[in-house]
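Q: Dropping the structure in here first, questions after.
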Amino acid sequence: MKIIKVKSQKAPPVFSAGETSPNRMDWAGNCKLSQRDPFGTKLKILVLICVVLCVCAQAPAVAQLNTFRHSGWVESLDFSPDSKYIISASNDRTAKVWRVSDGQRVGNITGHIGPVYSAVYSPNGSLMATGGYDKTIKIWSADSGQCLKNIKAHTAWVQALKFSRDGKMLVSGSGDKTVKVRRASDGENIKSFHGHQASVYSVDFSPDGKLVISSGADRTIKVWKISDGSCAATLQGHTGNVYSAQFSPDGKTIVSGSGDKTIRIWRASDGLCLKTLPGHTGSVYCVSCSPDGKYIISASADKTARIWRTDTGECVKTVQGQAGKVYAACFSPDGKYLATGGEDEIVRVWNTPWAEEEREALFQKYYNSGLRYLSSAGSNRDNYLKAIEEFRRALNYKDSSEVRQKISRAQEEYKRSFRR
């Protein structure tokens, strides 16, 4: 038995790997080398197949798909529920709606007096809410762009907004140190939560709509009961402002990002800190979970966004490309895209990397398939080449000309080696 170790290719420059690459694999094959094969033909073909498999495992190239431009910092981002649109809030006093497929701006929301700090979609996509420096929350029709409600919400700027999962409530966090829950239908205030000692930077509902979390400049995360307005827990541990906090999709954990440059994962039931994720070299301004809860994306002052595995805390990708601090980052609801935005006034949309387990499953499938082709080749050199060609054709259903070109170049190289 021969054991061969091959490294996969580097990721494209705009999307670099994290500290530990998930594409580094070891494998073994039950292919015996013949003593009558002095040129190591079988070994060459096996290595070729391994290279092919690495290329195929990397085939869905991670890339920047579109860019959208504001004339001021991008403060927040949110995808529409169908993942077809993005709404972005900016300190250029506008929120803008962009079509993901072609990058076209389809909406320009004006009316706030001062920077817009937060913009979100309702769960059914029919409404949008914006909040900003002018202390108001505005509710908009997603279809017409008409302002349906103008709510004098707080006594200081509105920093954060979030709809409940059923769309019936809207929570806001403010520089006035309060958190408020309103009925989305008419803007009526239902509950006000007092307890933060400084500005509130982020808010979120639990999936069941019974709890609200908030985080702020007092370096804490607070958990509130909507039923009676009481503070159920205060999570402490960060040594800097807590700029972002979010429930996981299943509600079992809370993820937070801080000015102390770390991300923390907390158990929602008792507030225990389960993991601390170091790696950023600047403040973490935003954290967001993937729809399946397996990954976290973080946005930082170090000009990067990072993708982390929730279960291990491993950084699997570092998104590079922003020319300044990254203030916002999120996954699309269908999990196919991620978006980043910040100080350079540009919203960038990227396609998401394949999950590690998906790459490994694809790798194992094609590796086993390659061995079957190889084992049928016998000891004849021409049969080896025929087996490689059949294997190449078997992989051609992958819609990637780059993959096919790499395979063809590798095949020609090995053909030349046989003639030496």
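Glycine residues also receive a Cβ, built from the backbone N, Cα and C atoms like all the rest.
Heads up, here are the entries from TrEMBL:
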REPEAT    67-108  repeat 'WD'
REPEAT    109-150  repeat 'WD'
REPEAT    151-192  repeat 'WD'
REPEAT    193-234  repeat 'WD'
REPEAT    235-276  repeat 'WD'
REPEAT    277-318  repeat 'WD'
REPEAT    319-351  repeat 'WD'
TRANSMEM  45-63  transmembrane segment
Q: Pairs of Cβ atoms less than 8 Å apart decide it: which stretch in 67-108, 109-150, 151-192, 235-276 has the most with the repeat 'WD' (319-351)?
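A: By the under-8 Å Cβ criterion, the repeat 'WD' (319-351) pairs most with 67-108.
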Q: Treating G and I as helix alongside H, and B as strand alongside E, what does DSSP give for the repeat 'WD' (235-276) in helix, strand and coil?
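A: Residue counts in helix, strand and coil order: 0 helix, 23 strand, 19 coil.
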Q: Counting by DSSP, what is the helix, strand and coil composition of the repeat 'WD' (151-192)?
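A: Summed by class, the stretch gives 0 helix, 24 strand, 18 coil.
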Q: Hey, which bits of the same chain come close to the repeat 'WD' (67-108), Cβ under 8 Å, at least six residues off its ends?
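A: Contacts with the repeat 'WD' (67-108): 114-121, 123-125, 128, 130, 132, 142, 145, 327-334, 336-337, 339-343, 345-349.
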Q: List, by number or range, the same-chain residues at least 6 past the repeat 'WD' (235-276) whose CB is under 8 A from its CB atoms?
A: 201-202, 204-208, 213-217, 219-223, 282-289, 291-293, 296, 298-300, 308, 310, 313
Q: Per-residue pLDDT averaged over the repeat 'WD' (151-192) comes to what?
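A: Mean pLDDT, the repeat 'WD' (151-192): 97.
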